[in-house]
Amino acid sequence: MAKPTVVVLPVWGAGHFMPMIEAGKRLLRGSGGALSVTVLLMPAPTPDAAVDIAAQVKREEASGADDISFRHLPAVDMPTGHTGVEEWISRILRSHAPNVWAAIAGLDCPVAALVTDIFCTPALEVSRELGVPGYVYFPCSASMLALLLRSPGLDEEVAVEFEEMDGAIRIPGLPPVPPSALPSTMLDRKKSTYDWFVATGRGYMNATGVIVNTAAELEQSVLAAIADGRCTRGVPAPTVYPIGPVLSFPPPPEEQPHECVRWLDAQPPASVLFLCFGSKGLLPPPKVREIAAALERSGGHRFLWVLRGPPKDSRQGQRVPTDAMLDELLPEGFLERTKGRGLVWPTRAPQKEILAHAAVGGFVTHCGWNSILESLWFGVPVLPWPLDAEQHFNAFTLVAHLGVAVPLGMDRRRDNFVEAAELERAVRSLMDDASDEGRKARAKAAETRAVCRKAVEEGGSSSTAFQRLTDDIVRRGAVQIR
């Protein structure tokens, strides 16, 4: 008889696909050969995403793992009339629900569980119809999960726009949250993206469990609040499995190190500020000029800045950066004036290799959770510059809850604009040896490095949570659908 399989349904984003594949492989190892993994592949909506996913699938298939297989779902029509990328993705996934149902029902082997992405709550309805336990893989923080679960209650309790509230918002397990730190989906309650956010919080209550890419020691108070039902007004929440950090580390290249890494080799320890705004991070010319001015005036601090160019196609879902034309983007003479202490890199850079380098002492990041986990893993303190989605809430978590970041003042109403003087102040605060604020952030970052690594060791909290998840899936048994 064929092994029971865990069906995994990821979306195509860089911070979603590979962590779910890594989690699937860990399930295989934890089951001791009792389970297999079947990955359902939705067609990516952009050519660049399709190329990335195809390359990742090819690498996995070439690795020779017998117990992980990939199945392609048929294409669906792209939605129109949406008000945000979250709603757009969610509507694509709802269109795929019949395809997911057919793919699972057509499997020859018994099905032990369905693990869906954060956006895939329609798939939980499919799992319920088929009698299969449904889990959500949550690639964000437990703090963000607490906010999501709390959102239906907030929706009923707060009558005005959240930004019009007097005082902070109370999320159990967290310090008081200023409305300015809320995700972009919560800032306009008249938009359908807000309705999607609240509906997602309700939908998660139908899950058998939620698998979170965090370590228990990083967010103990939040995880306790979720487990106690304080985020869901006394109603028991699904079991939460904090199994992170789940990070993918590709093998080192056989050729010589990347040029950015070679440049770092020549710099003193903990002396370089690394600036990178994610795979989709785009900075308009005014922001580029402010960053350049701040770096010039930052007291001689070294920097490595990944600066990307504008996309060829700016339609929804097509915001893919291009290689930057530095002479066109940067102020005249900037590269010459900072020669020797700064490197501006105009295309993709190996972020993990850079953060792992001993020369890196600080990280200006867009606050995507994957990038945050990488900085925590390598013990690099942060200057948070959120751009979109839940990133402002992540920035709040880094500063107020985890303590690994120096706050950076910005004008969210001006597209998250940061003045050069404010960035200069924050850079000096993070990087100067004499800065008390920087010392505290560096010390906390070093602590989180040790916490993250201990958590994933055998017997650590994340390893234990993952084994508990695996045991729970095996214990529940599998359903022969076909």
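Backbone N, Cα and C define each Cβ position, glycine as well.
What Swiss-Prot records for His16 is active site, proton acceptor. Within the same chain, residues at least 6 positions away in sequence whose Cβ sits under 8 Å from that of His16 (active site, proton acceptor) are Pro10, Asp117, Ile118, Pro139.
Over all protein chains present, the Cβ of Asp117 (active site, charge relay) has 24 other Cβ atoms lying within 10 Å. According to Swiss-Prot, the feature active site, charge relay maps to Asp117.
Taken from Swiss-Prot, the feature UDP binding site applies to Ser279, Trp345, Ala349, His366, Asn370, Ser371, Glu374. Reduced to three states, the DSSP call for Ser279 (UDP binding site) is coil. There are 19 other CB atoms within 10 A of the CB of Ser279 (UDP binding site), with all protein chains counted.
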Cβ contacts of Trp345 (UDP binding site) (under 8 Å, same chain, 6 or more positions away): Glu259, Cys260, Leu304, Trp305, Val306, Leu307
Around the Cβ of His366 (UDP binding site), the count of other Cβ atoms that are within 10 Å: 23
Distant-in-sequence Cβ neighbours of Glu374 (UDP binding site), under 8 Å, six or more positions away: Leu247, Gln351, Lys352, Leu355
DSSP-derived structure type at His16 (active site, proton acceptor), helix or strand or else coil: helix
UDP binding residues Ser279, Trp345, Ala349, His366, Asn370, Ser371, Glu374: largest Cα-Cα distance, in Å and rounded to whole number: 21
